[in-house]
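Over in TrEMBL, the protein carries these features:
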TRANSMEM  35-56  transmembrane segment
TRANSMEM  68-86  transmembrane segment
TRANSMEM  106-128  transmembrane segment
TRANSMEM  149-169  transmembrane segment
TRANSMEM  175-195  transmembrane segment
TRANSMEM  202-220  transmembrane segment
Amino acid sequence: MRKWLYLAVFVSGMTTLAAEMSASRLLGNYFGTSNLTWASIIGLILIYLTAGYFIGGRWADRSPHYSTFFQILIWAAFSIGLIPLASRPILRLAANAFDNLDLGVLFGSFSVVMILFIIPITLLGTASPFAIRLALRDSRTAGSIAGRIYAISTLGSFLGTFLPVLILIPLVGTYRTFLTISAFLLLISLLGLGVTCSWRRTLYYAWMPGVLLLLAIFGTRGTDKANPGLIFETDSAYNYIQVLQFGETRYLRLNDGQGVHSVYHPSNYF
């Protein structure tokens, strides 16, 4: 059982940082990547984790069971998968506000999107104190158990820092990155629940992978706003890229209008 506990802690740590890095990319396309944007993301994520640590410790004392631990992670995983769908209309509003220079709506959109992370990040924050409570059998080894749990979680966070930036976002895009990390944590949590408790209990959550699959297929199509002339779009390691064509002129645009990188016309040289 302890092996599954450590694996779940590792994956939850990875998911936390992967969600944070993906959030910076999700919001950076619309609100920029300034120090203020980064400070807001990091600060709020830390507040959510603080709440999770506090809640997780009390929750573990009241219900020190593997079933409770893995069910918390199941709901954390599923709520991360809902972030792309829930944020889409808000980001569409933000994109239009950016075009109209409506700073009030822009700030409000940023705030609402960050609120979407309260539930998943807070639930993920409960993992480490809960795992310590489950792993602790003798107070004489409390220090080594706590150190091991936090080391495993931090190692997972290290992986989660680079995984979306170097692999997932360039490969599948920002929205499907959220779905990928959500699905992986959900898989580990369901397996952990089945192995440590009861496979029958996992059937209560059998619908969740189906919802994530439907979101991956149908829920992330199209752009966040109507873009006349759009002929191509993709995520690179650094930017959200769009190619638009008006007449014979093509524009390479970065981050949904924050900058036009280059212009091409077959008969003109710039």
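Cβ atoms here come from the backbone N, Cα and C positions, even for glycine.
TrEMBL: automatically predicted annotations, no manual curation.
Remote same-chain residues near the transmembrane segment (202-220) are listed as 74, 77-78, 81-82, 84-85, 173, 175-176, 179, 182-183, 186-187, 190, 193-194 (criterion: CB distance under 8 Å, separation of at least six residues from the stretch ends). Same-chain residues lying 6+ beyond the ends of the transmembrane segment (175-195) with a Cβ under 8 Å from its Cβ atoms: 1, 4-5, 7-8, 11-12, 14-15, 18-19, 22, 25-26, 66-67, 70-71, 73-74, 76-78, 80-81, 83-84, 160, 163-164, 168-169, 201-202, 205, 208-209, 212, 215-216, 219-220. Sequence-distant contacts of the transmembrane segment (68-86), counting only residues of its own chain at least 6 positions beyond either end whose CB sits under 8 Å from a CB of the stretch, comprise 5, 8, 12, 15, 19, 26, 59-60, 116-117, 119-120, 123-124, 126-127, 130-131, 134, 174-176, 178-179, 181-183, 185-186, 188-190, 192-193, 196-197, 205, 208, 211-212, 215, 219-220.
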